[in-house]
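Undergrad: I am attaching a structure below and will ask some questions about it afterwards.
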Ligand code: AHG
Ligand code: MN
Ligand code: MN
Ligand code: MN
């Protein structure tokens, strides 16, 4: 595949032909690309148009909502309203599932973290969006949280993230490898920039909020000691997307482990851990809770949390050996 002049839409068309990807899934991802352009614009001018700071409410997982969290969520909803693509939506910023269009032929369920790393907003740090797509299961005119949304990650048909960093990069998979597209803002197009991404096996970096390190399980602490002994450099951005993207490009591991007070850690399974696990596995990396493969977890509720260790295969394999020792 040539990378020159490979717009996201042209790539999706090729994927459609090569792997029988349904046209509706291509359009869904293309529409995510459109929301990424809107968010790129709004994030970059947030300080100028009164979009910094808090709204004053908390979301379902207790996070103080920022204005850009709410804007991002609304942008997603508007991008998929009346498209006949998304039957049901689970979002970090919506307490309940939103049934958008439960007519029989509406094919997909979207799980999304509209804006990841929102503590970085006011200091112009990296931000992200994370999404996972499932084929809808119900076809009787009504949608169901249990049947359509609470699905194991192994059933995901597509996943992706957008990193709003020094450039905006959209990384996605439909289960046939991982590719990355960089937004050319002068053209308003995502162009293929990272063909067939492969996560390096060894970790050059690790990312974790070490202020909790003393509360982690002994085997996690042992891994951290090992990484420090190897002079694996610490990089922690406060945005999961940015840290996982670095791990994918350079080799690395991101950890958000359990603590006694938070036995499931902080991150949310459906719209943070599982989509990133799908992408990283597709790129040859690994993603586990602390003991299990993330993609095999069966969610019991929309905002369920899960511990996460994700990234380079050699590091995760070493961790598993430490666990079994
Ligand atoms: P979100 O902004 O979508 O709520 O996600 C925040 C997540 C993740 O992006 C980040 O790595 C982590 O929370 C940071 O948590 P700490 O501030 O506890 O380190
Ligand atoms: Mn949040
Ligand atoms: Mn997040
Ligand atoms: Mn978020």
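Placement of Cβ uses the backbone N, Cα and C atoms for every residue, glycine included.
Keep in mind the model is a prediction, meaning the values are calculated, not measured.
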Undergrad: Can you find which of 92, 93, 95 TrEMBL lists as binding Mg(2+) 1 at the same site as 113, 115?
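TA: TrEMBL lists 113, 115 binding Mg(2+) 1, and from 92, 93, 95 it also lists 92.
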Undergrad: Since TrEMBL lists 116, 117, 118, 119, 209, 254, 255, 256, 266 for substrate, which candidate among 108, 134, 236 does it give for that site as well?
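TA: Given 116, 117, 118, 119, 209, 254, 255, 256, 266 bind substrate in TrEMBL, the matching entry from 108, 134, 236 is 236.
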Undergrad: Among 272, 281, 290, indicate the single residue that TrEMBL lists for the Mg(2+) 2 site containing 113, 116.
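TA: Candidate in the recorded Mg(2+) 2 site: 272.
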Undergrad: Can you list the residues of the same chain, besides 92, 113, 115, whose Cβ falls within 8 Å of the Mg(2+) 1 site's Cβ centroid?
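TA: In sequence order, the nearby non-listed residues are 69, 72, 73, 91, 93, 112, 114, 116, 118, 129, 130, 271, 272.
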Undergrad: Residue counts in helix (H, G, I), strand (E, B) and coil for the domain 'Fructose-1-6-bisphosphatase class 1 C-terminal' (200-323), per DSSP?
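TA: DSSP composition of the domain 'Fructose-1-6-bisphosphatase class 1 C-terminal' (200-323): 57 helix, 20 strand, 47 coil.
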Undergrad: For the Mg(2+) 2 site given as 113, 116, 272, which other residues of the same chain have their Cβ within 8 Å of the site's Cβ centre?
TA: 92, 115, 117, 128, 129, 130, 240, 241, 267, 268, 271
Undergrad: For each of the binding-site residues (254, 256), count the other CB atoms lying within 10 A of its CB, then report the residue with the highest count.
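TA: That would be 254, with the most Cβ atoms nearby.
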Undergrad: Just checking: which of 209, 254, 256, 272 have a Cα that is within 10 Å of the Cα of residue 113 (Mg(2+) 1 binding site), counting only these binding-site residues?
TA: 272
Undergrad: Any of the binding-site residues 92, 115, 209 with a C-beta atom under 6 A from ligand 4? Give them in order, or none.
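TA: If the test is a Cβ under 6 Å from any atom of ligand 4, the answer is 92, 115.
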